[in-house]
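Colleague: Straight out of TrEMBL:
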{"type": "ACT_SITE", "residues": "D67", "note": "active site, proton acceptor"}
{"type": "ACT_SITE", "residues": "N136", "note": "active site, for ring-opening step"}
{"type": "ACT_SITE", "residues": "H138", "note": "active site, proton acceptor"}
{"type": "ACT_SITE", "residues": "E143", "note": "active site, for ring-opening step"}
{"type": "DOMAIN", "residues": "12-226", "note": "domain 'Glucosamine/galactosamine-6-phosphate isomerase'"}
Amino acid sequence: MDIKIVNGKDGLAKEAANYIVEHLKKRDASVLGLATGSTPVGTYKELIAMHKEGKVSFANVHTFNLDEYVGLKNTDTNSYHYYMKELFFSHIDVPEDQFHLPKGTAEDIEAECHTYEKLIRQTGGIDLQLLGIGTNGHIGFNEPGTSFQSRTHVVTLDESTREANARFFDAIEDVPTHAITMGIESILEAKDILLLVAGKEKGEALSELLYGDVREDIPATALRKHPSVTVIVDTEAYQAAKIPGEENLYGG
Ligand SMILES: O=P(O)(O)OC[C@H]1O[C@](O)(CO)[C@@H](O)[C@@H]1O
């Protein structure tokens, strides 16, 4: 696992965007796995700026997002479809039929999970997967206890996740109880993984990822089984991550 420590949100956004652009430069076409949440927002902004400066094109890129809430229409401002269009896709040159998210309003949600997996395989599999991490160590919406063998599936969201995401909704009751997410095994099939970690509230999850036992209770620890993971972490998160059994060097 390659760890890069950066200063602040801007440092993280620049480092991550450069990493993604370098990756895209090496190929004629690429399949990106994308994430939502607040952490990658700056990275998308930076990629848009680089695109506008002519430094990167997404015309030959296919994208697959990790997850989507069940029950929210694509036009709902809290859906991840809306997030991705508003914050990224509508500002770049990726063709409409080349970006994909699971359909949270599909009539048959189980069938949708299979279809999504199939589409990823047919497109050649994910080359680079961008990830964030939940305070409880979730990746995608794979909550603690999710099997490391899981494929794209429907999950019941943890109360802690609903509370963490309530900031985007009018009230916690509006936060959906379920989501579709790529599974841990689906995520680990990506050739390369880029994980972004920002803020002191992620310190504990980061500590588990770096030093804890690999276990299903902390989904992100599955990443230690992958041969090519890069973690870009801001100093706040890094300083908040305790080494188990040792005093925190930074006094947190
Ligand atoms: O970047 P944030 O907003 O802290 O979210 C962390 C993680 O939580 C999720 O938004 C799901 O709750 C993931 O998609 C994301 O990686």
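Glycine is no exception: its Cβ is also placed from the backbone N, Cα and C atoms.
Values in this document were obtained by computation on a predicted structure and should not be read as measured data.
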Colleague: Give me the long-range Cβ neighbours of D67 (active site, proton acceptor): same chain, 6+ apart, Cβ under 8 Å, in sequence order.
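Modeller: Long-range Cβ contacts: T36, Y80, P102, G140, F141, A179, I180, T181, M182.
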Colleague: Along the domain 'Glucosamine/galactosamine-6-phosphate isomerase' (12-226), what average pLDDT does this model show?
Modeller: 96
Colleague: Let me know the most crowded of the active-site residues, choosing from H138, E143 and counting other Cβ atoms within 10 Å.
Modeller: H138
Colleague: Taking DSSP three-state, what's E143 (active site, for ring-opening step) in: helix, strand or coil?
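Modeller: In three-state terms, E143 (active site, for ring-opening step) counts as coil.
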